[in-house]
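Notes follow once the structure below has been shown.
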Amino acid sequence: MKLSINDLNVFVNTPKDIAKLCEDLSRLGLEVESCIPCIAPKNVVVGKILEKAPHKNAEKLSVCQVDVGKEVLQIVCGAKNVAPNQFVPVALNGALIGSTTIAKTELRGVESHGMICSSIELGFPKINDGILELDESVGELVLGKELNEYAPFNTHVLEISLTPNRGDCLSVLGIAREISAFYHTPLKPIKALNFTPKSGLITLSAGENIESHLAYYLICNHSLKTPLNIKLSLAHNNALSENDLNNFIEFSTHFSGVIMNAYSLNTTPMDLSVKNDENNLESVYINHQKRSTIAIKHQVQKDLSECLLLEASYTDPISLSLKLHALKDKTLQKDNALIYRSARGSNPNLSDGLNFLSAHLKATILESKQTEHSLKDRTLTFQLEDITEILGLAVEKEKIQGILKNLGFKVSVKEPNSKPQILEVIAPNFRHDIKTIQDIAEEILRFVGIDNLVSKPLHCVSSKNSNPNYDTHRFFENLKHKALACGFKEVIHYVFYSKEKQQKLGFEVLEDPLELQNPITTELNTLRTSLVCGLLDASLRNKNLGFKSIALYEKGSVYNSKREEIQKLGFLISGLQKKESYPDTKGKAWDFYSFAECVSKVIGDFSLEKLTTQTPINHPYQSAKIIQNHEIIGVIAKIHPKVIQELDLFESYYAEIDAFKLKRPAMLLKPFSIYPSSVRDLTLIIDENTAFSGIKKALKDAQIPNLSEILPLDIFKESNNSIALSVRCVIHSLEKTLNDEEVNSAVQKALEILEKEFNARLKG
């Protein structure tokens, strides 16, 4: 919104220091985006055109005799609207207009001693085409008086950015209220007009569901010529039009904040009614003819009569916004500027707008009418401690009361003798944004100053609000992303499958009483008990489509024989690990341990143990149980060659894991050694039926000092019942670099345990 300092002086005496005023307004939350001086140049004075004669050598030029007080100057002018008896701004010799210095000159053979100026040439917004015509609205016109001695020509124009909740400041009066409250200067109210109304000229009726409040003045003997001071105010705000009545209406709305309208009348008495139209929008009807939609669209009045009906209206901004949102007719004509003001909250004191407009029209008021409507007071009660808690700053009771009273609030102490004291505050009806105690605290903070708040660290104790379902979801999403990073493609299958195929591959099936009673098809006649069957089908489809390297991942529900649901993860690889490309011209095939390593990158480290029972799908020598946290969580295996041949697949491997048995690693800090580690490789002769997992567990349980890790390296046949197992012992300390004696001591203790537990000995 734009307004001038001269506009503000209508309601309040503004301080002389304009820069300080802009700074203070911004502190109050009314951010001043720009402050532009609008001051007429020096040596531009008030003149009066005495005579106008055509130029003898130019059709479009006129030779004017202009009285500037001390003398009469001959000035050549090219404006079409120049005429005798006009008061005009005259730039004398030496005046700087823009970048041009005015001097005596000769135009087409005729001397010219000055320049008659337009508003643009003076540095003001455009008022009209041609020269600027002065009138008494800017002050008493004295010939020869400097133009910048008149207030409208010596001012500053402020552009103020408002937040949507401050509709009360979308007017000159609203900004003046803030200045009055901050500087403790009196506010000049809009004067009420004294008149004796006639009766019977207007009949006003309003429907039962009408929420808007409307007030009317019937006037006559009005003056509809827009004076210069109004033109300047509207031009500064980019609201000046060629319609004089619209200019007066816009000027009154801009100054008072009341939504104004006017109707031209041909006859009186009249039947005035307010009711909902076909779009359920409140509208005004005169003699049963629709004339406007309240707060949304006003008709432009062109053919003006002697009598005018002035209208002031107020609509609750929330109610209006809801109606606009629910409006089904998207083609309805709307006035966006009108909606902008109405939806942010206009001034509900309708008499302010009517009195202001009538006074500037210099009209005679014949009658007044208004709808029955009363705004409910918004009362808030609070303790001083509440304000202190919100702001973190203790403000004296007297200061709080003073700030709120200056802003138009009614403040009283409820139960003065009670402790703590309770304040009761009634918000003014034009403050639509005041609804809670936090809003009251914000008003106090605006005037106390946010810079005066004491910075304090926030004291906050955060409790862990963990959602186990979300944590589970994120865990499996992370597993999926890891699988994708390892080259697996996610697949999804139905939970239904063929019972016969599952039995053929050696998977359990549902007990007969628990089978599906009405299967979709014979191919989907049971609930799946494994993800592997679907993965095999997907692998075959991809092979038939020409893919030679297939890696699939699936998470889904399976069911045991008791029809209990279990969440599992399935992995399947088929074909080549690396496609045919240099240096692997024939590609690189998968092997059991490469696949196991790939799965471990997804689910974490695990160990393997030999399967005790075999199924038709598993290779008898390349299958194992997956152990994690000393618990069996799944199976990993190469698919039996017979199954590969029957299904016409590439050589394939699979892993199926119980999803909820997977370990979820916590973020734990573990120390690491900054000292070098020592490595000792040992080849042990042990019984061929001894599992490495047993060896590892025995050494771990013994807690041999400095022995941090034992790894299997190689295995080969030694004799009928024994094998040679090569293992690596990693030895290091967190405290120091170990010497040979300490390293050998750890190795010797390990050998003693292995000999005792497994009858193992070093190979000679």
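Quick reminder: no glycine exception, Cβ is built from N, Cα and C everywhere.
Keep in mind that what you see is a predicted model, and the values were worked out from it rather than measured.
Taken from Swiss-Prot, the feature Mg(2+) binding site covers Asp433, Asp439, Glu442, Glu443, and the record attributes it to similarity to another entry. The domain 'tRNA-binding' annotation in Swiss-Prot covers 38-148. What Swiss-Prot lists as domain 'B5' is 375-455. For 673-763, the entry in Swiss-Prot reads domain 'FDX-ACB'.
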Other residues near the Mg(2+) site, CB within 8 A of the CB centroid of Asp433, Asp439, Glu442, Glu443? Arg431, Ile434, Gln438, Ile440, Ala441
Out of Asp433, Asp439, Glu443, which of the binding-site residues is least crowded by other Cβ atoms within 10 Å? Asp439
What does the DSSP secondary structure composition of the domain 'B5' (375-455) look like, as residue counts for helix, strand and coil? 33 helix, 17 strand, 31 coil
Model confidence for the domain 'tRNA-binding' (38-148), as mean pLDDT, reads 95
Provide the three-state DSSP residue tally for the domain 'tRNA-binding' (38-148): helix first, then strand, then coil. 5 helix, 44 strand, 62 coil
Would you count the other CB atoms within 10 A of the CB of Glu442 (Mg(2+) binding site), including those on all shown protein chains? 15
